[in-house]
Amino acid sequence: MRREGTMRLHRTFLLRVYLKESAVITYPASKKIYCQGKIFPTIRVGMREIQLTNGDSLTLYDTSGPYSDPNISIKSPQGLPRLREPWIKVRPRKTQLAFAKEGVITPEMEYAAIRENQKRELKKNTDQERERRLQGNSLSARIPNPITPEFIRNEIACGRAILPANINHPESEPMIIGRHFLVKVNANIGNSSLTSSVEEEVEKLIWALRWGADTVMDLSTGKKIKEIRETILRHSPVPIGTVPLYEALEKVDGDVKALTWEIFRDTLISQAEQGVDYFTIHAGVLNRFIPLAQKRVTGIVSRGGSLMAKWCLLHREENFLYTHFTEICEIMRAYDVSFSLGDGLRPGSIADANDEAQFAELKIQGELNRIAWKYGVQVMNEGPGHIPLNLIEENMTKQLAYCREAPFYTLGPLTTDIAPGYDHIGSAIGAAFIAWQGCALLCYVTPKEHLGLPNKQDVKEGLIAYKIAAHAADLAKGHPAARQRDDLLSQARFEFRWHDQFNLALDAETARLFHDETLPKEAAKHAHFCSLCGPKFCAYKTSHEVRDTLQKVT
């Protein structure tokens, strides 16, 4: 016991050192600002404001939480400030869905609405022709301007959106997931049986927040799962999701046959008590669907799906996640944990896309959605996977129909199988397309997909690829908060305001680094050319000259 206590103190010391030295998130030419609520005046919604050299500014959705506020001291092991605790204490113990159905707007709903607008309601564009031309095609989505707390309440009540916010995760900053809102991106972290520690996972969490992760899933499968999860939750301002099956399996030393409903139930309660915001539950993998996957090229590629299929065959019984689904609903309702219904039969190769097994499970997901809603539990549906571009639209169409417009949460999809080491690119192509079609949450893919556990650089590259995909979809949908950043960056580029161009980029450091590889001096930041075209062939420079000539003529 003494040795175990000493080790725990040592880990706490290491975490304190890390948080003291490395847990500050900074962005160039940016400051933390706060927007006040109107329905709930005590609400202060943190955002990022970029200051431009011409006097303009841009307000951005910010996932960095208190880590980017120099006035907030983050202490370990206590973790982040408990933002939602005062709201939770003074109201009945109900889910956000239950409140929404009763017509009640919660502080979380107003908070999420303020985040979605990013102060865009204060900015008016006077070029009406340009607005009409670039208004976007939202397909069947309805995106109001501005987004109001009442609109968010109604979307939650109808099951078209979720606000994942476990009552035991008061550190989280409320956010909304649904196709009528900004497309969100999830990052996966977590240890394996071979590598990683508590300190490394907290470092990965904060790194993911730095690069824009809207939600984070802890997919730890090795030792110290509970300790890692507790530390992540206490230090996370974004919703945290898990796959409880992984810890349940760890409790029986990886013996699938020894897994029972009782072990899983206790694991579920334990994780809900800690504060996990959403659970991936593979309740749609039914006995009768397992043979459908046998003719596939790559079989069952979902970890949770393959484990439950094996359990069903070993016991010759139906999936206990399905047979005990109402009991799972009761547990999740008690803590306001949201469902992320797992796609255990998702295709793991282009050859298996849109097959009978995949869509059979999707139909069951839709049935389970309706049960979850009956119990007042929020739900979203997980989707593929590996899908060629020409089959992506069918996935979105079927999900909207089978699942009654519940939020769709997809892993990519990867549009080709030939890109190991570059799967973040191949999948971001599919992610942009399906997000435009209506997918609400994109699970990022890193360059290490299919190859190994991602490191910090992999996390960054995966998130950048997926933030591009999400933003491209927001532009295509015509989200009112999407285009201003593009316009400001384009103006800075045309006016040769190099520092502004860098600072408005998703990755300012890389943009500046690439420019400075050939033109490193400060004088080059004021030059009217870059190394690609040089001073004589720069089209922007020539375009300025053309404008000047036309003005003189007219």
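Count begins at 1; order follows the chain as displayed.
Placed from the backbone N, Cα and C atoms, the Cβ positions cover glycine too.
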Return the residue out of Glu150, Glu155, Glu367, Glu382 that Swiss-Prot annotates for the same substrate site as Asn188, Met217, Tyr246, His282, Ser302, Arg303, Gly304, Asp343, Gly344, Leu345, Arg346, Tyr409.
Glu382
How many whole Å apart are the CA atoms of His386 (Zn(2+) binding site) and Arg346 (substrate binding site)?
8
Which of the three DSSP states, helix, strand or coil, fits Tyr246 (substrate binding site)?
helix
Taking each of the binding-site residues Cys530, Cys533, Cys538 in turn and counting other Cβ atoms within 10 Å of its Cβ, which one has the fewest?
Cys533
Structural state of Tyr409 (substrate binding site), classified by DSSP into three states:
strand
How many Å lie between the Cα of Arg346 (substrate binding site) and the Cα of His450 (Zn(2+) binding site)?
15
